[in-house]
Amino acid sequence: MSTTTTEARSPLPLLLRRGRSSTALSASTAEARSPLSILQFRRRSSKDVRNITSVSSSLLPAFGTFIEDDNPSSKPFIVLHFDRRYRLWELFLVILVGYSAWASLFELAFEKAAEGALLTIDLVVDFFFAVDIILTFFVSYLDNTTYLNVTDHKLIAKRYLKSVAFVMDVASTLPIQFIYKTITGDVGRGQAFGFLNLLRLWRLRRVAELFKRLEKDAHFNYFVIRVIKLLCVTIFWIHLAGCILYWIAYHYPRPTDTWIGSQVEDFKERSVWLGYTYSMYWSIVTLTTVGYGDLHAVNSREKTFNMFYMLFNIGLTSYIIGIMTNLVVHGALRTFAMRSAINDILRYTSKNRLPDTMREQMLAHMQLKFKTAELRQEEVLQDLPKAIRSSINQHLFRSIIEEAYLFKGFPEGLLVQLVSQIQAEYFPPKMEIILQNEIPTDFYVIVSGGVDIIASKGVSEQVLAKLGPGSMAGEIGVVFNIPQPFTVRTRRLSQVIRIGHHKFKEMVQSDNDVDAKMIIANFMTYLKGLNDELKKEIPFLRDLLDDADAQVQETVQSEETPQSNDEEIVTVSRHENGQIEERRREGVPKRVIIHGQAPPNQDNKNNGDSNGRLIILPDSIQLLFDLAEKKLGKRGSTIAMADGAHVEQIDALRENDHLYIF
């Protein structure tokens, strides 16, 4: 084996030479890379996770602030605005807001309805909102400038009293009609009471805040929330317009010259629900621009209102159509993108006259890319913190990495680093993952599916092996730093883990030498177990395995331990029982070139091997003679340098010396 070939194909560069002892380095590395410091986290229940997702949209603490997990507020009689129970109270009030919005307009248009049961219901509803006013003085709030949760009683009360919300809350909660009846003994039937009741529409802001929060809550479907919001807006607008239309007709001086009086002459004496039905019917017909003609504006007041009503309907209809179009189109964007990508592939293959096999592979890969879009971790995890991404990778791929032969016996810290940097990919059937003779940039661990190891024989191909989940592909080219010796092709839909060459090399070289030795030991054991067909495809593999066995043999037989400097060399061997043996010797491993002939400057030149053999210098002269006999095919008795000087001590030799053994 030539010098260049041995240097390029030797896996020994992965063995790190340290200036300090392996024991000290291992201890320091273990301390620095303790898995407990990396993976230690507090487990959260599903309830905790739900609380986090609900709080995150409304509570944004400033940097450097700390909020306790159990009770962020240590002050008594304080209700946290993001507390789950307070959220339920707000939801209950939203239901009452819906009634208030309907009743205030209904009582304005139909005065007779405000005297009956609705008056009692209004009092009950106002009572709950009065309780909420008192409760607001004890509810924390989020400071918009510091983003801190304020729990001070004085600050909460001062902020609420100085706000417009306090004045409007009190005004919309006062039961003015009931107070008037209590004082005067007469039921207030004037229009003033109806308009004062419209102050209750101020409560609609609670509905807007609820939808704003639900749209950002991951527990609810965004499409459904937006549709419900549009439906509520439409129903409220129909109810508002219908009540105003009836109020205009009811208070017009000539009842028969109104839109409803022309159809029902005595509509004022008829049932309230009859008038409400007519009002809703005409409001819906006008909103939808159907216009049957059975109901129409008669007097100038109704015509004026209808003009503004239809103008507003144009904007409302445009808003609803725009929102619905956006929601529907958003769901079809992925399909449109896939169709566009497929059309681009078809045009490209047709223009460049690519064969059908390549076209089918490109189409299959593109379709698989869109089908597995939700499973590809890069797009899902790219915006997450590194710690969360690492935890997800540990959960998904830790077990499969531990089963791979190359990483068996790996320390915890190195496994954490490796799993944190891997990437998962999907490949459709009959897709080449690795091409023969390509540059070894990555190697793969098969998670699911299966692949074939293929060697090209001219125009034909030969399947050398079939690999399943847990197997590795492409690692031979990466470790030896040679062009990939085989083609790797999927048999069916396969998920693989891709590990980059440079990242793997940097990670191993930055760790202690014990980890590198473990990789080499596992790798050499795997190479010895390859079938003969695979070994034939790697010409230098047999010589490399023989050299490794010879080095182990020399290390076992060596009794000398020369000291040269502070560096330490560790030799690893794996016994048949699976145990790994480590032997240490001081000094940098020296590589020398041996020749089976006398030095060329002497008269008695032999016709031996002029190219020489590159070997690692053993520990003694006797072992050097034994190794030379095995490599050169003949045993010598003398060792000389190129200048003819005889070698008597092994320590006198230097790196890349030419030794002539004869």
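Cβ coordinates come from backbone N, Cα and C, glycine included.
Noted in Swiss-Prot for the protein shown:
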type	residues	note
TOPO_DOM	1-90	topological domain 'Cytoplasmic'
TRANSMEM	91-111	transmembrane segment
TOPO_DOM	112-118	topological domain 'Extracellular'
TRANSMEM	119-139	transmembrane segment
TOPO_DOM	140-163	topological domain 'Cytoplasmic'
TRANSMEM	164-184	transmembrane segment
TOPO_DOM	185-194	topological domain 'Extracellular'
TRANSMEM	195-215	transmembrane segment
TOPO_DOM	216-229	topological domain 'Cytoplasmic'
TRANSMEM	230-250	transmembrane segment
TOPO_DOM	251-277	topological domain 'Extracellular'
INTRAMEM	278-297	intramembrane segment
TOPO_DOM	298-301	topological domain 'Extracellular'
TRANSMEM	302-322	transmembrane segment
TOPO_DOM	323-662	topological domain 'Cytoplasmic'
BINDING	406-527	nucleoside 3',5'-cyclic phosphate binding site
COILED	528-558	coiled coil
DOMAIN	591-662	domain 'KHA'
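In sequence order, ILE434, GLN436, ILE453, ILE454, ALA455, LEU464, ILE476, LEU534, GLU537 constitute the residues six or more apart from PHE486 (nucleoside 3',5'-cyclic phosphate binding site) in its chain with CB-CB distances below 8 Å. Within the same chain, residues at least six positions away from GLY470 (nucleoside 3',5'-cyclic phosphate binding site) with a Cβ under 8 Å of its Cβ are ILE400, GLU403, ALA404, VAL445, ILE446. For the transmembrane segment (91-111), the partner stretch with the highest count of Cβ pairs under 8 angstroms, out of 119-139, 164-184, 195-215, 302-322, is 195-215.
Sequence-distant contacts of the transmembrane segment (164-184), counting only residues of its own chain at least 6 positions beyond either end whose CB sits under 8 Å from a CB of the stretch, comprise 114, 119, 122-123, 126, 129-130, 132-133, 136, 193, 196-197, 199-203.
According to DSSP, ILE454 (nucleoside 3',5'-cyclic phosphate binding site) is assigned to a strand segment. A 10 Å cutoff on Cβ-Cβ distances gives HIS502 (nucleoside 3',5'-cyclic phosphate binding site) a total of 10 other Cβ atoms nearby, all chains included. Contacts of GLU438 (nucleoside 3',5'-cyclic phosphate binding site) defined by a Cβ separation under 8 A and a same-chain sequence distance of 6+ are given as PRO483, GLN484, in order along the sequence.
Note on the topological domain 'Extracellular' (298-301): residues 248, 252, 254, 257-259, 261-262 of its chain, located 6 or more positions outside it, place their CB under 8 angstroms from a CB of the stretch. If you take every residue in the topological domain 'Cytoplasmic' (216-229) and average the pLDDT, you get 86. Neighbours of LEU406 (nucleoside 3',5'-cyclic phosphate binding site), defined as other CB atoms within 10 A of its CB across all chains, total 20. Less than 8 angstroms from the CB of ILE422 (nucleoside 3',5'-cyclic phosphate binding site) sit ASN393, PHE397, ILE401, VAL445, ILE497, ARG498, ILE499, each of them six or more residues away in the same chain. Within the topological domain 'Extracellular' (298-301), the DSSP-based counts of helix, strand and coil residues read 2 helix, 0 strand, 2 coil. DSSP assigns MET518 (nucleoside 3',5'-cyclic phosphate binding site) to a helix.
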